[in-house]
Structure formats: C-alpha cells, structure tokens
Amino acid sequence: MSLLDWFANRRKTEPVVHDYQEREIADGLWTKCESCDALTYTKDLQANLMVCLQCGHHLRIYSDERIRQLIDPGTWQFLDEAVSPTDPLGFRDRKSYSDRLKETQANTGLSDAVRTGVGLLEGQPVALGVMDFRFMGGSMGSVVGEKLTRLIEKGTEQRSPVIIVCASGGARMQEGMLSLMQMAKISGALERHREAGLLYLPILTHPTTGGVTASFAMLGDLIIAEPKALIGFAGRRVIEQTLREKLPDDFQTAEYLQAHGFVDTIVPRTQLKKTLAQLIRLHQPQSPEMKLPLLESSSPATAPL
C-alpha cells in the first residue's frame, strides 16, 4: 500500500473531529443578495433600505416597509382599509377565487393588493398608494381600482400631490372585464387631478407590468423608476414568439426604458424620499407674496418704432 493510499483509506475510516462547537445561526440574521450572492447582516441591509451593500441590487420590499421609508414618522393615516374584494364572476381555476382571496388575506394580513393613505413627506402633505406584490402578484382588481381612485380624488380635494408606488403583474384575471375597467377609472381620476393643476408621481418598481403599465404607471408628470426594475406590458417570451426575433438582454429594464424615452429618471431607493421632496417643492404653486423682482434697466420701458 502506497503512502497516498494509506492516507486515502484513513480519511474514509476515521471521522474528522472538529475542535470547535457548531453554532446555530438564527433565521433572518443574514440575508443573501439575489444578484451577487453576498451575505449581509440583515440589520445593516435594513439600515440601507434593503439595497445590497456590495452590488447595489434593490431587494424586494412590501407596503409596510415602503410607507416607513417615505412617510414622516407619526403622520401616516390609512384610507379605505376595510374595502375588500368579492367574487362577482364565481371564478374558479384550481380553486375558487373566494378561497384564494381568503388564503391570501390570511397569509399577508392585507385586504387587497394596494394600501393607501395620507401623510407628510419631509413635512409636505401627500396622498400615497403602495402596491404590494405579495397579494396575488400585486394584480389590479376592482378594489385596487376603487382605492386608488378614492386616493387620487382625496389628493385632488386636499390639493396635495399623489404618489403611487407600482409593483404589479397586471390586471387580475379572476375579475375579468371588471379588472380591465379599472384602467380607465383610475386614468379618469388622474386626468381630473391634472386639470386641477396638481402633481402626480408614479414610482415604477420591480416588477411593473400588464394593465398597470398600460394605465396609471405611465401617466405621471414625471415617471420615476428604481434601478434594474422590470417594466413592460406583455412578457418577454410572448413578444419574442410574436416578433420571431431575439430581444436585447436589457429589454424591459428601467435603464432600457429610460434610454428610449419611456422613463424620465431612475432614482436609487436610498435617494428616493429626498428626490420626491425636492420635486414636490419645485411644483408647488407660487403664492402671491412670492413675486419675482423686476429687473432694473436703464433703457426706456417702450422702444420707439
């Protein structure tokens, strides 16, 4: 038996004894980045608003966290939390729509896929809607349409800016035409808001697709997106099969849409609140007291013909 064989045989027959005691790591203590696989202490990640400290990837967050990040502490008031969906079509796939709703509500603690309310953003009143992808992929049904319409009307009534954080797979198929109607319903409320001379800012997060993209997500005075967010209408595979050609690797990303004029600006999550506050201040109507000073000139007020 060679020395190499002896060591190999010893390795098989004798267990390796470690001189340290394995420690159990508590669940949730560390978080793995979906993009670069880096492990980050969860508290550090939360302090950076769930943006990877290594590669800048924006991890998915949900409505409660989004509201905490954008609204000043102690100023948030929910609107229409009791509004809940029904099953007008008696829809059934693998299970009934009613059962699916009950199960999702129990798992998420949400009544539907959007939460709305009013609060202060750096001291400025705003009407805010936040879509939550946990609830059936953030799909837009009649309750989402109703809550967002009421939110916009509240903003118009109070003459405050409206901000909607979009995260959705599109219209909810279980509600059929009733879900598609919400596209026009929300768009109509936004048009009345615009006619009143008021600001609307949609924030497109990962993912924003389908009927949401085809309606209120693209109707803002300024369209904002988070970095690398998937934004589109139909899915990539559907488009490739229809066109019979390969699409660019960055197709339907926030960066691709900005390069082609569909998105105005891409704002990292860590700068979002500050950017929104600046935009709101810039769009505030000028008060009568804030008249611009007249430029002094030695030339006569009227020039001879």
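Each residue, glycine too, has its Cβ placed from N, Cα and C.
Record features (Swiss-Prot):
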type    : residues                   : note
DOMAIN  : 29-298                     : domain 'CoA carboxyltransferase N-terminal'
ZN_FING : 33-55                      : zinc finger
BINDING : Cys33, Cys36, Cys52, Cys55 : Zn(2+) binding site
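Cβ neighbour count for Cys36 (Zn(2+) binding site) (all protein chains, 10 Å cutoff from its Cβ): 12.
Look at Cys52 (Zn(2+) binding site): DSSP puts it in coil. Around the Cβ of Cys52 (Zn(2+) binding site), the same chain contributes Cys33, Ser35, Cys36, Ala38, Thr40, Leu45, His58, Leu59, each under 8 angstroms and 6 or more positions distant in sequence. When the binding-site residues Cys33, Cys55 are scored by other C-beta atoms within 10 Å, Cys33 scores highest. Other than Cys33, Cys36, Cys52, Cys55, the residues of this chain whose Cβ falls within 8 Å of the Cβ centroid of the Zn(2+) site are, in sequence order, Glu34, Ser35, Asp37, Ala38, Thr40, Leu53, Gln54, Gly56, His57.
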